[in-house]
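> Pulled the feature table from TrEMBL, pasting it below:
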BINDING   N115, H120, E125  oxalate binding site
BINDING   H118, H120, E125, H164  Mn(2+) binding site
DISULFID  C38-C57  disulfide bond
DOMAIN    71-216  domain 'Cupin type-1'
SIGNAL    1-28  signal peptide
Amino acid sequence: MKGGRRKMSPILALFSVILSLHSQVIFASDPDPVQDFCIPHTTLNVTQRMRSDTVSCKNLVDVIPEDFIFSGIKHPGNFSDSGLSAISVSPKTFPGLNTQGMSFVRADLKVNGVNAPHFHPRATEITYVVQGRVYSGFVDSTNRVFARVIEKGEVMVFPRGLVHFQMNVGRSTATVFGSFNSQNPGMQKIPSIIFGSGINDKLLEKAFGLTSKQIGKIRKKFLPKNLS
């Protein structure tokens, strides 16, 4: 039409939408490295700045093999009241991971110990059972539960952003190794974000059918010590 804007063809419109969605997927993950590796000058740099393009790297001649070795998961950490010991490893504690788009965790579970339902907003997790028997699973967006007991040598995947959980159902301490496809996967535990974040009590009472007294009792378990 003369003097007006030409209409985009349906095919071009569809192609434009696909490109837009594809771009969103790309920017939702860790950026691709532009060099073999980037060992920060100090751990402090990585702690304060998680973006690989703002971290100051060591000069190549100063990089040594020990920069790529981590010995901090040889033994379990301290156990929580739920029977869980978790040692998370990211560029904050292991600079060799910086810009590699991954991180990992060692988790130990006492008999009947649990890793409470939680999710990682920025990463898919692969869990490998080093020893023991662990009831593991996740819940999809239709509220369907995918769970079973996995044993030594078995692996389970927890899709990104979905709530998942673990419980030791064996007769001895279980050890699992979790790997993430992000150097900063993030973690939000369901009980803590609901009852330990300061959400209005009235809302929680209506959402869960609990009394104010019951809400208060639950809050004491999850509120940070400086707020409880």
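The first residue you see is number 1, and the count goes up from there.
Keep in mind that glycine also has a Cβ here, set from the backbone N, Cα and C atoms.
Any TrEMBL annotation is an automated prediction that lacks curation.
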> Just to confirm my parser: what is the rounded mean pLDDT across the domain 'Cupin type-1' (71-216)?
96
> Which recorded positions (C38, C57, E125) fall within 10 Å of H118 (Mn(2+) binding site) by Cα distance?
none
> Out of C38, C57, which has the highest number of nearby Cβ atoms, where nearby means within 10 Å of its Cβ, if these are the disulfide-bonded residues?
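The residue with the most neighbouring Cβ atoms within 10 Å is C38.
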> Can you grab the distance from H120 (oxalate binding site) over to H164 (Mn(2+) binding site)? Cα atoms, rounded to a whole Å.
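Counting only the Cα atoms, the answer is 9 Å.
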> For the recorded Mn(2+) site, whose residues are H118, H120, E125, H164, find every other residue on that chain with a C-beta no more than 8 angstroms from the centre of their C-beta atoms, and list them by sequence position.
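For the Mn(2+) site, the extra neighbours are F119, A123, F138, F158, L162, V163, G178, P185, M187.
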> So which one is it: of the binding-site residues H118, H120, H164, which has the fewest other Cβ atoms within 10 Å?
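Across H118, H120, H164, these binding-site residues, the one with fewest Cβ atoms within 10 Å is H118.
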> Cβ within 8 Å of the oxalate site's Cβ centroid: which residues qualify beyond N115, H120, E125?
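Filtered neighbour residues, in order: V105, H118, F119, T127, F158, H164, G178, F180, P185, M187.
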> Non-local Cβ contacts of N115 (oxalate binding site) (under 8 Å, 6 or more apart, same chain)?
S82, L84, A86, A107, L109, F165, Q166, M167
> Just to confirm: which same-chain residues, 6+ apart in sequence, have a Cβ under 8 Å from the Cβ of E125 (oxalate binding site)?
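Within the chain, E125 (oxalate binding site) has Cβ neighbours under 8 Å at V157, F158, H164, G178, S179, F180, P185.
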> For the domain 'Cupin type-1' (71-216), jot down how many residues DSSP puts in helix, in strand and in coil.
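So the domain 'Cupin type-1' (71-216) is made up of 22 helix, 59 strand, 65 coil.
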